[in-house]
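Trainee: The structure follows.
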């Protein structure tokens, strides 16, 4: 009885503590003013009494208010008299205690219901938070997949532009995509994986079923889509560079075609009219002979130009094969030249036939004129060819190629003395003609009947050739300087890439070791990883500088680099993998912190788990001649394992469990292996080991606990009503239950009854909500 009295007094003190003018110390004097009784009623049923209007100087009114409300609304009979209590110096303690105990029994059920409601709210809050995370994952995954879906057709578009400027703009657009549009998506992809892992951890910690994203939105689906994007992206860049090379080649060929056509058309201008003349019909014998010799010289000249016509046709064919955008104009011009060339050949043959018919009428003409014409024409053709070569456009991509052109040019310059001798010999013939004419008093007309070339023409063209030589020297030297600058760009890029590439690989390996070998609390490990992540992020400036050098290389149209095996694509992929790996490692520690905090696992327990794992995490080596069996772990001279690989094989895992006090039979160990290695990979990771140990050591809420809580709110019924849910739970949680609970179908069902048992099972994955 004494214990019950103290318990009841403590209950009263706790319930009335917030109320002014109430100080319950006993079961007699403390109740005389009636405020304590009114406070008890108001605390549990504030709708029955307006406590703010009560006065301490009206004890009888207060007591009668409490007695009347208790009798009318709480089924507590009026056992006491207000005047007796007020007028008695020390009211009857047992009477008051008996009356107050009726309030205790009346309100105890409400307290039990409050406790049950709190538990349900906690469980529902976990579910609501998890559903929000699921919706966020679905939204982010949909947006990322949609972006990939929109981007891939753009990268798959292989419709080439017709001009170099347009293709270079495409390349610049692709660079903007790489620099501006893709990096945020890389971060989204990494964040998506982290959110997915965190959500799965929270579901596991709250005994909820694992989250299965919508079809096509699994992490693996996103990874496959991302892989497809990068494959298309790589092919698009290669295609762009190939097309730019092709257009560069086309522009070069088109300009060369125009130059050769212009030279040929200049040479052929007036030739058809000349060949169509019938001047031989009224010519003298000497003039006819002169026309014959002149025609022979023309045929020699015509044959010398055959090579240029063939070159023009070959260039036109190559432009067609390379799909030159203005191929119609090229073909039209080439066809005109070929048709004209055929016509020249026909006219030449016709004129020869006509001259041969009157050959008997010809006289021998001055051999010196003829010799001059025969020597001048080839020499003039040679000079035409030399001028063409000296003005020839070229395109090179290496120092070796430009050196080859310089060597060829030096070889050409070495032939100039011999050519000058030929020029002097030809000019000597002309001098002899003048000397003979002067000696024999021959009156010259001033025109060589066999050729239109004069000594002045030869001299002028020779001077033009000599002037083009130093210009060609300058052009080749400028190109040599450009190729040397390109080589410096290659070496500059290679010097950085050969440092950055191994650095990234080293950091990847270090992260692998850090994730296994870190010591200290999880917070200390987190700080260490964050600092390591910041050091990696600080290295980003080196990647950016390499990107700048890579852009300079592309703008210089450099397509190869023999000084390094690393391309910018290698560096980009490695860098993205490095950022993703450190982020995942940090997320693993975050999940361990979540596990520790949610499951009540101490830091000492986690340290013990890690120490046990590290002890049995070792790389095994093969014994010679044992057919694939695994030998003992490789050790150093001190007996410790040489290296770790972040996982245990089944034998080491069994030994680890035994070391922690588990007495395992084969059946039990097989069951545990299905938990820690559900995919049957043959190894146990640290995260799987931690998850197993936390499940073994931490308390969890269960579906049965939630069912019991709902049963309390439902007053032991097998169903619960909408009114009860709205009365006992906060509005948000109440509506959550109402919208998801199914109709109760038992024989004892009332209208509107809801099935809280199937709902509780569904919360823990035992059926579908």
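Indices start at 1 and increase along the chain as displayed.
Cβ coordinates come from backbone N, Cα and C, glycine included.
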Trainee: Quick test of your reading of TrEMBL: among 597-622, 623-648, 649-674, 675-700, where does it put region 'Disordered'?
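Mentor: Checked against TrEMBL: region 'Disordered' maps to 623-648.
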Trainee: Tell me which of 95-122, 123-150, 151-178 corresponds to the coiled coil entry in TrEMBL.
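Mentor: My reading of TrEMBL: the coiled coil range is 123-150.
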Trainee: For the annotation coiled coil in TrEMBL, which listed range does it cover: 515-549, 550-584, 725-759?
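Mentor: Coiled coil, as annotated by TrEMBL, spans 515-549.
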Trainee: For the feature coiled coil as recorded in TrEMBL, pick the matching range from 288-322, 323-357, 358-392.
Mentor: 288-322
Trainee: Using DSSP, break the domain 'EF-hand' (664-699) down into helix, strand and coil residues and give each count.
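Mentor: Tallying H, G and I as helix, E and B as strand, the rest coil: 23 helix, 2 strand, 11 coil.
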Trainee: With DSSP as the reference, give the number of residues of the domain 'Calponin-homology (CH)' (2-108) in helix, strand and coil.
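Mentor: For the domain 'Calponin-homology (CH)' (2-108), the helix, strand and coil counts are 68 helix, 0 strand, 39 coil.
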Trainee: Across the domain 'EF-hand' (664-699), what does the mean pLDDT come to, as a whole number?
Mentor: 80
